[in-house]
Amino acid sequence: MKNLIKKFTIAVIVLSILYISYTTYISMNGIIIGTKIHKNDKSQFMIEEISESSYGQFVGLRQGDIILKINKEKPSDKHLKWGYLSHINSLDILRSGKKIHLKDFDLVTLNRPYSFFLFVLPLFFYFLSIICIFYILKVNKKRRSFAAYILILLLLDISIAYISAGGPFRGHIINRYINLFTFISSPILYLQFIQRYLGEIGKTFLNRISFLYIIPIFNLGIEFFQDYLQVDIDFLATLNLVSFATLTLFSFSAIYLHLNKYKYAEHSFILKLLILTNTLSFAPFLIFFVLPIIFTGNYIFPALASASLLVLIPFGLVYQFVANKMFDIEFILGRMRYYALLAMIPTLLIVGALVLFDVMDIQMNPVRQTVFFFVVMFAVFYFKEVMDFKFRLKRFSEKFNYQDSIFKYTQLMRGVTSLQQVFKELKNTILDVLLVSKAYTFEVTPDHKVIFLDKHEVGPDWNFYQEEFENVTSEIGKIIEVNQGFLMKVGERGGSSYVLLCLSNINTPRLTRDEISWLKTLSFYTSVSMENVLHIEELMEHLKDLKQEGTNPIWLKKLMFAIEEKQRSGLARDLHDSVLQDLISLKRQCELFLGDFKKDDNPCREEVQDKLVQMNEQMSDVISMTRETCHELRPQLLYDLGLVKALSKLVAQQQERVPFHIRLNTGRFTASLDLDSQLNLYRIIQEFLSNAVKHSQATDVLIMLISIQNKIVLHYEDDGVGFDQEKNTEHSMSMGLSGIKERVRALDGRLRIETSEGKGFKADIEIEL
């Protein structure tokens, strides 16, 4: 089905290009189709045949008229194309013995204003549609959307309906059928596109839309058998307009009802965009041409002029089909309602004044003038806001310019680094905008003591406002007005509140709603900025204290140890995946070679065999050492089975190599720890054992790890040589106690060491859970 519609779409594109080329040639040459000319016995040009709906009939020509002059010249073959009149500005004809001068041929000459709506705009619309079609085909190479082909057909349908609606080729019978079918079927194609488009995003719309094609086919049949049925041409025109209006209103209602049903669905914004484009496109044509013709027989604006906004439909659909990001339709609708309300009042005043003073243009009735001035006013208000936003034009003086002042204030807050700077910028902003001359900052303590913060300035007598200071501290942004100004809470810290007192030399008027809203916004911005500045100041003080103490904070130690463990793990993986695997492979090759070598008869066999055996043993030692190194760098058992199993393996490995006895007791350890804490405890015990091997000369080592209530206790004890803590500070550092202490601090624990020369070494570590 998709391949069939694809081929059909391509065929329609080719046929449309041929049709547009044909109509363009007719328009460029001003050929009046439907008005057949031939020479009579006297070699006079006579109108032999004229179609009912042709442009020749529209300008007043009748069958049997004899043409005396064309463009004030004697008729000749140069004024004919295919037997039809062409390039006509005026005609002098003879009818029933009377000479008649006809000159109303504006619609067939491209140098007239009417040609813009009859030929230029429709042709421009067609070429834009072709560009959009190629863009849709390009995008659809990846999407492979069925809706894309229906959208292409819709673009071509509206383009052909628009360009075939008028001009010198109106009398062409085939052109009339093409215009009728494409004109009435455009709302149906529109609904089919919406159905397919929503279906491809998983939404249902309408079923059996194809049955609606019965309406244009029925109208086409009546048009075809018009003479046989003896149907009046005015009735046919009304029937066609009623059919189009019915289908258009049906499509609009279907989309609206679907939106009302799924107003909170994720695709509701798509439906709103469809309703917007539908209304803007069809409403002018329906209101100013179709409905007036149906009910009164006269139109307000000509069909081609009122239908010019139909171009919004395909472009809106193309944008919706290819765009990755949509405009905010709620915002657009809100702005349109706002601009429409603003434009309505001056429009009614202007038109009312024109009617009252009787200065109305003859060609512009009150309805036309109302529409014209409304559109102009609407466009003026829209472009005014666009220009204001784009160039940030100052619509007011700096006083009372609340929005710009907030924007400027937030920009200034980005560069403040102290509380005094925050207060300074706040005071300057308020003094620039409001009718106050002075601003002061105060701190109100929890016991309602008022402290003046601007020490470098002469402060006011704030004792008059003691009660107001007590009442204003209830919430941030609260404002209390006094005779010559107001008080406002702008922030808090702990139990203290920061209050701004703004005064004037004279009694100030009451604050307006806009001013109160603006001040509250400023106070909230100030409160956030104060919190940030205070946090930064506290952090700087804390860093200074740490620098003086010469120790790193716990969070930094944890980070450093985490980075160290990550580096250890990476190195262990590299050793295991590269060096260790190469060694194992080399050892395997050596074993195979040694096995083959024993089978051969070689006088030097024993000597070479001994060397190979020695090399094999050395490789075994290297492999074993590499494995142990990988395990020490990254204790895989700890990651897989936990701390207790990893410690048991660590003690077992150490026991094979050390000259002393190691006892490990973890039976009462049941705490659940995160991986970082387990790694730190593992490294601490590993460091204790390493120190015992290097320095203790012990014969017995005891390690106990227990958990009691919300506490973890690690006890280490050996009977080695010990050391004097007071005299041997450097020695203790060399024993690795520095790393142990840092890890204990990272765990937020406490380390207690008992040792002296010749009396062994004891260490207790307590960690709160």
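In case you wondered, yes, glycine gets a Cβ from its N, Cα and C as well.
Note that this is a predicted model, so its numbers are computed, not measured.
Taken from Swiss-Prot as is:
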TOPO_DOM  1-9  topological domain 'Cytoplasmic'
TRANSMEM  10-33  transmembrane segment
TOPO_DOM  34-113  topological domain 'Extracellular'
TRANSMEM  114-134  transmembrane segment
TOPO_DOM  135-144  topological domain 'Cytoplasmic'
TRANSMEM  145-167  transmembrane segment
TOPO_DOM  168-235  topological domain 'Extracellular'
TRANSMEM  236-257  transmembrane segment
TOPO_DOM  258-272  topological domain 'Cytoplasmic'
TRANSMEM  273-295  transmembrane segment
TOPO_DOM  296-299  topological domain 'Extracellular'
TRANSMEM  300-323  transmembrane segment
TOPO_DOM  324-337  topological domain 'Cytoplasmic'
TRANSMEM  338-357  transmembrane segment
TOPO_DOM  358-361  topological domain 'Extracellular'
TRANSMEM  362-383  transmembrane segment
TOPO_DOM  384-769  topological domain 'Cytoplasmic'
DOMAIN    571-769  domain 'Histidine kinase'
MOD_RES   HIS576  phosphohistidine
Handout entry: Per-state residue totals over the topological domain 'Extracellular' (168-235) - DSSP helix, strand, coil
Key = 51 helix, 0 strand, 17 coil
Handout entry: Intrachain residues whose Cβ lies under 8 Å of the topological domain 'Extracellular' (296-299), provided they are six or more past its termini
Key = 288-289, 306
Problem - Composition by DSSP (helix, strand, coil) of residues within the topological domain 'Extracellular' (296-299) - result: 0 helix, 0 strand, 4 coil
Completion exercise
What DSSP reports for the topological domain 'Cytoplasmic' (135-144) is 9 helix, 0 strand, 1 coil
